[in-house]
Amino acid sequence: MNRPVLLFISLLSLDSVIGQASYSIPEEMPKGSLIGNIAHDLGLETKRLVSGKAEIFNRNSAEYVELNRERGVLLVKERIDREALCTETTVCALDFQVILENPMEFYTVTIQITDVNDNAPTFEKGEMKFKISESAINGAQFVLERAVDHDVGINGLQDYLLKPSDHFVLKLHSNANGHKNVEMVLQKPLDREKQEQINLVLTAVDGGEPQMSGTMLIVIT
């Protein structure tokens, strides 16, 4: 007996979706910021939102988005951290419905959350130490710790720099997950009598504007 009723409700809901609206906003917008004029974009009058007791139907989205019926607008209810909301996925969006009563109407709304460069690349360790024989041959490779950047796209980790570069150069290659692994390659023989210890700085940089970076010290004896 329950199955036909559930099917009827599902079909009724699909038939009642009579409009949709899409927006794109950057993450970290202050609370109360305007997202869009939902009444205008859905072709409704504000009095219809009030009389229909319009509300957002989606618990997760309702935490971040507020519908002001009197003004007919969508507002940021809570500051949105894209990295917390969507982890490292490239596309991040809030999908919900605006529901009105008397008569019952459903409108679908999608708000795409775009990334801003609010995270610098970071290394788990502040320092790495290597003991390398002065008899090591050119081309010897040493795996370095990879930096982590929670931003995505151009705002994510883009490159590494090593200074000074008298004895070593960097070799980068992408793994199966799309992350860049980094290795230090010896290009000039070491001479312990001339220099017993070498201090290098590995810098990870992103492609945001302004550019952000993180560093790690490499100590070679």
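Even glycines carry a Cβ here, placed using N, Cα and C.
Residues annotated as domain 'Cadherin' in TrEMBL: 48-123, 124-221. Summarising the annotation, TrEMBL assigns signal peptide to 1-19.
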Residues in the domain 'Cadherin' (48-123) grouped by DSSP into helix, strand and remaining coil: 13 helix, 30 strand, 33 coil
Secondary structure content, the domain 'Cadherin' (124-221) (per DSSP, counts of residues): 3 helix, 47 strand, 48 coil
The domain 'Cadherin' (124-221) [mean pLDDT, rounded to integer]: 89
